[in-house]
Amino acid sequence: MFYPDPFDVIIIGGGHAGTEAAMAAARMGQQTLLLTHNIDTLGQMSCNPAIGGIGKGHLVKEVDALGGLMAKAIDQAGIQFRILNASKGPAVRATRAQADRVLYKQAVRTALENQPNLMIFQQAVDDLIVENDRVVGAVTQMGLKFRAKAVVLTVGTFLDGKIHIGLDNYSGGRAGDPPSVPLARRLRELPLRVSRLKTGTPPRIDARTIDFSVLDQQHGDNPMPVFSFMGSADQHPRQVPCYVTHTNEKTHDVIRNNLDRSPMYAGVIEGIGPRYCPSIEDKVMRFADRNAHQIFLEPEGLTSNEIYPNGISTSLPFDVQMQIVRSMKGMENAKIVRPGYAIEYDFFDPRDLKPTLESKYIHGLFFAGQINGTTGYEEAAAQGLLAGLNAGRYSAEKEGWAPGRSQAYLGVLVDDLCTLGTKEPYRMFTSRAEYRLMLREDNADLRLTEVGREMGLVDDARWARFNEKLENIERERQRLRSTWVTPSTASVEEINTMLTAPLSREASGEDLLRRPEMTYAQLTSLSAFAPALDDAQAAEQVEIQVKYEGYIARQQDEIEKQQRNENTLLPATLDYRQVNGLSNEVIAKLNDHKPASIGQASRISGITPAAISILLVWLKKQGLLRRSA
């Protein structure tokens, strides 16, 4: 039977991608349905109990700047907050928070259940309704059919998921949850390229069986960082430390002696695992010169005794896992409460997607998260938001939107996936971005909130706060530009105590702030430049904008030069065999990838600068030279 009411957008899957997609579509005013196999697992952290990190924290801030959920949820659930790379420049500083799994899931569910235009329904999905290469709905396990104008697939590791512990394996979407086999079979019937990937998770340890007294503690930062631009440290629950232990030669001997029982090394697992989150077996074999690996013991929550040993992801048999755990300092009597495992699952080649994350072949069908070959909560959330907003725009018959590489890490992520594809789980790093000085955590709102407001993602409270911040920044910069001191100023001695070289000529507040030794806090502690802004976010922007003004201007020039090619559009229906002068290899690659722009084409492996020049000349001759706005 058909459900009586049609929807604008259906989201299939309630993980980090699905929840952001559902919230985004609903915020835009679209009637949205979130289908999940279990309402109690909405927003569940399937692996590590943490949000953020290098590159990942940047994505979380961007999701927040667009009105998303993840940053707000972790501010209510984070039990240890830190700024990574705090001693380095602002481009690579990143926020990371340990999470209480229960509080995080609770924050996500509360937000979903209170979001207007959003209905949640508990049923696994077995099929899509596709008519004339256009998705028009979904069919649940019990045969109930839902109609919609757009569908977003955010199914994580559930598509034909297979869990491995030692040489034993069984079907599962994750530990304790069934896989999605009928849907996987249905998707394999569509004209989409599909392959397998693998990820893994470590065993969980009973904290009561660990001797923490012999281990080093790792505390969070004080003052505590905040993730959301709308957040406050007052929202954070009680903070707790993590602990550090290490593997040793005994650990490594146990692993080497049991490799024949590893499903990876025995050839049982076909899927490729994440390069930047390798299993402990991989670490020991790939880094044979290392006699120890650092392991972080991370609490799973304030009311839980479970500890997540970050760094020993494994699919070795349970008896070997016990030996590995008990070989480490402080863990000699440790008990495992959940075994580690590896999981294989289907993913679909993201090169078959438009930058909006809509399928090139099935209209109205969007993909987000691990189904696109990524790994990580943050990467999933960012894709989910983008897919959700574009599904909403599609259902409203509006043009899709995707950020550029110079606009957001989300733009880098999507461009990498859609242009280059991936053969291993893709993780975001700051090193993947060419313009990372422009793509900082601290300015994510300045880059994206205005766009989010235009698309209906940003509510009135966030918009008012954003505009207040802009006004504070401009007012303070104007004040510092127009406030001057000279060597004869009465307070010059006070100023000179903070400078490496005495003041020798007239200088404005901005001139002094540009000096490496001067911070905004120091400058505004001087009587000539007091008082400081009460708005800490605006104050941070003032300091960064002034200190890095020259570098930022130079990078902006680079972006503008690159933008000409980036925005030159390529017809979606172009058969590159029509373009004289292109090699057979280039023709094959362009016809295979179908890039949306010259910029995207230039990043395809094997596409030479000469080929790009030929394309530009041909487009001009044919009267097809068009640039996007």
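Any Cβ shown, glycine's included, is placed from N, Cα and C.
Matching V92, V125, V240, V244 to the FAD binding residues that Swiss-Prot gives (G13, G14, G15, H16, A17, G18, S180, Q370) identifies V125.
DSSP assigns F287 (NAD(+) binding site) to coil in the three-state reduction, placing it in neither a helix nor a strand. Within 10 Å of its Cβ, the residue among the binding-site residues G13, G15, G273 with the fewest other Cβ atoms is G273.
Of all residue pairs in the FAD-binding list (G13, G14, G15, H16, A17, G18, V125, S180, Q370), the one with the greatest Cα separation is 18 Å apart. Ranked by CA distance from S279 (NAD(+) binding site), the binding-site residues G13, A17, V125 have A17 at the top as the closest. Neighbour counts were taken as the number of other C-beta atoms within 10 angstroms of each residue's C-beta; across the binding-site residues S279, Q370, the minimum falls on S279. The secondary structure of G13 (FAD binding site), as reduced to three states from DSSP, is coil rather than helix or strand.
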